[in-house]
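According to Swiss-Prot:
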SIGNAL    1-28  signal peptide
BINDING   Asp118, Asp172, Tyr174, Asn176, Asp181, Lys208  Ca(2+) binding site
BINDING   Arg138, Tyr174, Ser228  carbohydrate binding site
BINDING   Glu170, Asp172, Asp181, His186  Mn(2+) binding site
Amino acid sequence: MGISKKSQLVPLLAFITMFLMVVSRVSSSIADANSLHFSFSQFSQNPKDLILQGDATTDSDGNLQLTRVSSDGSPQGSSVGRALFYAPVHIWEKSAVVASFDATFTFLIKSPDRDPADGITFFIANTDTSIPSGSGGRLLGLFPDANIIKNSTNLDFNAAYNADTIVAVELDSYPNTDIGDPSYPHIGIDIKSIRSKSTARWNMQTGKVGTAHISYNSVAKRLSAVVSYSGTSSTTVSYDVDLNNVLPEWVRVGLSATTGLYKETNTILSWSFTSKLKTNQLQDLRIASVV
């Protein structure tokens with residue numbers, strides 16, 4: 001007795017359906033594993049999901065104070081502080097494009113000085129990053145002091161290199177022309193160096209809440225930043241860079257700030273971040289086929 005074509009198609013269709021379900025499930029789980037999102041509308045006084053370094057603290061008003069302030073909220077000089085999200089970010093993978101990401105934070109800078117200093121950064125660094133020695137003031141808590149690197153006979157060169165493996169967007173309130181700063185407050189993009197690759201004049205407004213938005217387009221390989229205050233025009237800066245060639249595969253994201261002889265409050269009111277590493281579809285199919 002012959003077997004109908006319809007009866008032959010049933011098991012084939014069932015197999016195809018099951019295969020597509022496996023592919024979909026595997027692809028979805030990989031995408032989830034390579035995504036990260038967090039959002040702080042305020043900061044608790046004992047944040048378990050932040051790594052606080054140096055003088056960084058959270059206060060009773062739900063703010064993140066990156067640099068030291070007195071009991072009455074006045075800024076203190078010679079202070080360095082950083083805050084990093086506890087979970088690492090998968091920024092690139094051999095079988096994938098580099099992750100795209102968006103970060104936004106709101107901030108408040110206040111100063112009794114005519115010239116506030118020194119600034120705030122959003123940065124990406126090694127997962128084990130710590131505040132480098134001598135990185136206060138103009139170095140924004142990110143890079144070791146050049147004199148320490150050149151002159152120390154006890155230098156751990158691997159540690160020095162790792163400390164420099166940083167990508168950052170700086171909101172630089174005090175121009176240090178001796179390290180390549182323009183002669184005015186500016187927004188800059190730093191690639192493994194405190195000497196910014198690209199800058200734009202920043203009309204900084206003390207005592208007003210500002211918003212910084214940083215994004216990376218992994219297709220265009222463009223890092224961009226927009227800083228604005230309500231009711232004013234924004235400052236925009238961008239630079240083309242392949243993060244695959246600059247950063248390790250796994251990183252942490254953070255905020256840093258410093259003060260020096262001159263001082264300012266470096267208060268963070270909110271902070272959010274989203275990253276997405278899109279895997280190669282053919283790689284997903286190969287993984288699914290062996291499940």
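All positions are counted from 1 along the displayed chain.
Just so it is clear, glycine is given a Cβ too, placed from its N, Cα and C backbone atoms.
Positions of Swiss-Prot features highlighted on the structure.
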residue : record                    : Cβ within 10 Å
Asp118  : Ca(2+) binding site       : 29
Arg138  : carbohydrate binding site : 20
Glu170  : Mn(2+) binding site       : 26
Asp172  : Ca(2+) binding site       : 26
Tyr174  : Ca(2+) binding site       : 22
Asn176  : Ca(2+) binding site       : 16
Asp181  : Ca(2+) binding site       : 20
His186  : Mn(2+) binding site       : 22
Lys208  : Ca(2+) binding site       : 14
Ser228  : carbohydrate binding site : 15
**Asked** Cα distance, Arg138 (carbohydrate binding site) to Lys208 (Ca(2+) binding site), nearest Å?
**Response** 23
**Request:** List which of the binding-site residues Arg138, Glu170, His186, Ser228 have their Cα within 10 Å of the Cα of Asn176 (Ca(2+) binding site), in sequence order.
**Result:** Arg138
**Request:** Can you see whether DSSP assigns Asp118 (Ca(2+) binding site) to helix, strand or coil?
**Result:** coil
**Item:** Rounded distance in angstrom between the Cα atoms of Asp181 (Ca(2+) binding site) and Ser228 (carbohydrate binding site)
**Value:** 21
**Request:** Sort Ser228 (carbohydrate binding site) into helix, strand or coil using the DSSP assignment.
**Result:** strand
**Fill in**
Arg138 (carbohydrate binding site) falls, by three-state DSSP, under helix
**Request:** Express the distance between the Cα positions of Tyr174 (Ca(2+) binding site) and Arg138 (carbohydrate binding site) as a whole number of Å.
**Result:** 8
**Euclidean distance between Cα atoms of His186 (Mn(2+) binding site) and Ser228 (carbohydrate binding site), Å** = 12
